[in-house]
Amino acid sequence: MNTSDLKQEFTEAFDTKPERVFFSPGRINLIGEHTDYNGGHVFPCAITIGTYGVYAPRTDTTVRMYSANIPDAGIVTFDVNDLSYDKAAGWTNYPKGMMDEIAKTGVKFDHGFDFYVHGNMPDGAGLSSSASIELLTGIMLNTGFNLGISQLDLVKIGQKCENNYVGVNSGIMDQFAVGMGKKDQAILLDTNTMDYSYAPVKLGNNVIVIMNTNKRRELADSKYNERRSECEEALRRLQTKLDIKSLGDLTNDQFDEAAYLINDETLIKRARHAVFENQRAIRATKALADDDLTTFGELVTASHVSLHFDYEVTGKELDTLAETAWKQPGVLGARMTGAGFGGCGIAIVDKDQVDAFKENVGKVYRDTIGYDADFYIAEIADGPKEL
């Protein structure tokens with residue numbers, strides 16, 4: 001999307017002149033899934049598909065928002081002095097929640113604005129459209145109101161918006177991946193300490209293919225909160241004998257020795273995924289740094305197997321994509337990415353095999369599921385910026 005088209009769309013929506021244009025990426029997670037709320041490591045990166053926003057200040061205290069992706073919602077209007085949650089406000093609760101969380105830090109919004117949003121992420125694909133719009137709003141407010149909030153603080157405000165305002169008990173990964181993204185680099189983040197480092201994603205002759213199930217998933221309505229509470233209960237039982245703060249504190253061997261304390265087969269499976277996936281994320285980062293792409297791919301695949309058997313968040317659509325991908329020539333590894341229950345998977349595929357990969361996996365998916373999957377090459381992007 002180019003800025004002149006976006007500005008034209010803004011003018012058509014609001015019948016006024018736009019002032020600034022911003023972009024905020026989506027994200028994929030290479031490995032380390034459902035570990036961010038268990039004190040583990042994640043290894044995500046921002047991607048070049050995401051959300052564009054066009055902004056113009058107003059002289060009154062009215063805020064008007066319009067999304068090209070949800071035209072039926074029309075122009076949603078509220079006042080800067082009333083930032084209370086309103087279910088009927090739909091998608092605008094994400095930017096409104098960011099305003100509310102920023103206002104709690106003592107910021108006073110002294111004027112309103114018009115905000116036009118246009119995303120090019122597939123709908124419901126699990127590429128973090130909510131974190132993308134939160135951090136888009138963050139950079140827009142930070143710039144438009146000259147707030148001087150650090151990018152890391154905007155990331156934390158984004159998570160608060162999701163948890164406290166929207167009501168989804170998510171970890172920090174999505175906002176961190178979107179907000180702190182760097183071109184061609186993934187981020188190894190320790191969610192226990194918030195220590196992070198950047199790692200170049202050097203895949204040789206391979207590319208990351210995003211595989212979209214085209215099965216919608218709503219994070220708030222999924223079993224996400226259930227899995228989180230299962231892990232919290234498993235941790236509580238382990239803490240009766242172990243001095244640990246999170247499941248991410250344990251090695252695989254330590255977990256195996258102590259698993260009897262959990263005394264519930266389902267809870268053991270959930271916790272085992274969190275512990276083993278954390279170790280996989282650490283090992284995968286090292287493998288990538290060592291140019292050991294075979295090991296990296298094997299760990300990516302092992303992640304999906306664990307998410308299927310132990311965490312049970314994959315479902316037929318994601319399993320069909322991953323399991324079919326594993327059988328294709330030139331594939332190093334494949335897995336679901338994101339919360340699961342639909343959304344997207346990723347595969348590490350030899351560039352020269354991508355066309356055959358899309359055709360073969362696409363055919364099996366269509367024959368098995370009854371509708372098409374979509375495939376895109378992921379390009380790793382910078383975090384939010386003004387265009």
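Note that Cβ sites are derived from N, Cα and C of the backbone, with glycine treated the same way.
Per Swiss-Prot, active site, proton acceptor is recorded for ASP174. Counted within 10 Å of its Cβ, the other Cβ atoms near ASP174 (active site, proton acceptor) come to 31, all protein chains included.
Taking Cβ-Cβ distances under 8 Å and a sequence gap of 6 or more within the same chain, the neighbours of GLU33 (substrate binding site) are VAL42, GLU277, SER303, LEU307, TYR311, ARG335, MET336, THR337, GLY338, GLY340. Taken from Swiss-Prot, the feature substrate binding site applies to GLU33, HIS34, THR35, ASP36, TYR224, supported by sequence analysis.
Taken from Swiss-Prot, the feature ATP binding site covers SER67, GLY124, ALA125, GLY126, LEU127, SER128, SER129, SER130. For SER128 (ATP binding site), the Cβ neighbour count at a 10 Å cut-off comes to 31, with all displayed protein chains included. SER128 (ATP binding site) falls outside any helix or strand according to DSSP and counts as coil.
The feature Mg(2+) binding site is assigned by Swiss-Prot to SER130, GLU162, with sequence analysis given as support. Under the DSSP three-state reduction, GLU162 (Mg(2+) binding site) is assigned to helix. Non-local neighbourhood of GLU162 (Mg(2+) binding site): GLY97, SER130, ALA131, GLU134, VAL168, SER170, ASP174, GLN175, each in the same chain, at least six residues away, with C-beta under 8 Å from its C-beta.
Marked as site 'Transition state stabilizer' by Swiss-Prot on the basis of sequence analysis: ARG27. Reduced to three states, the DSSP call for ARG27 (site 'Transition state stabilizer') is strand.
Here the Cα atom of HIS34 (substrate binding site) is found 18 Å from that of SER129 (ATP binding site).
Same-chain neighbours of the substrate site beyond GLU33, HIS34, THR35, ASP36, TYR224, judged by a C-beta within 8 angstroms of the site's C-beta center, are, in sequence order, GLY32, TYR37, ASN38, VAL42, GLY171, MET173, ARG227, ALA274, GLU277, ALA339. Taken over all pairs of the listed substrate-binding residues (GLU33, HIS34, THR35, ASP36, TYR224), the Cα spread reaches a maximum of 12 Å, rounded to the nearest whole number. GLY124 (ATP binding site) is surrounded by 18 other CB atoms, counting those within 10 A of its CB over all protein chains shown.
Using a 10 Å radius centred on the Cβ of SER67 (ATP binding site) and all shown protein chains, the other Cβ atoms total 24. When Cβ atoms from all protein chains are considered, those within 10 Å of ASP36 (substrate binding site) total 24, not counting its own. In the three-state DSSP classification, TYR224 (substrate binding site) falls within a helix.
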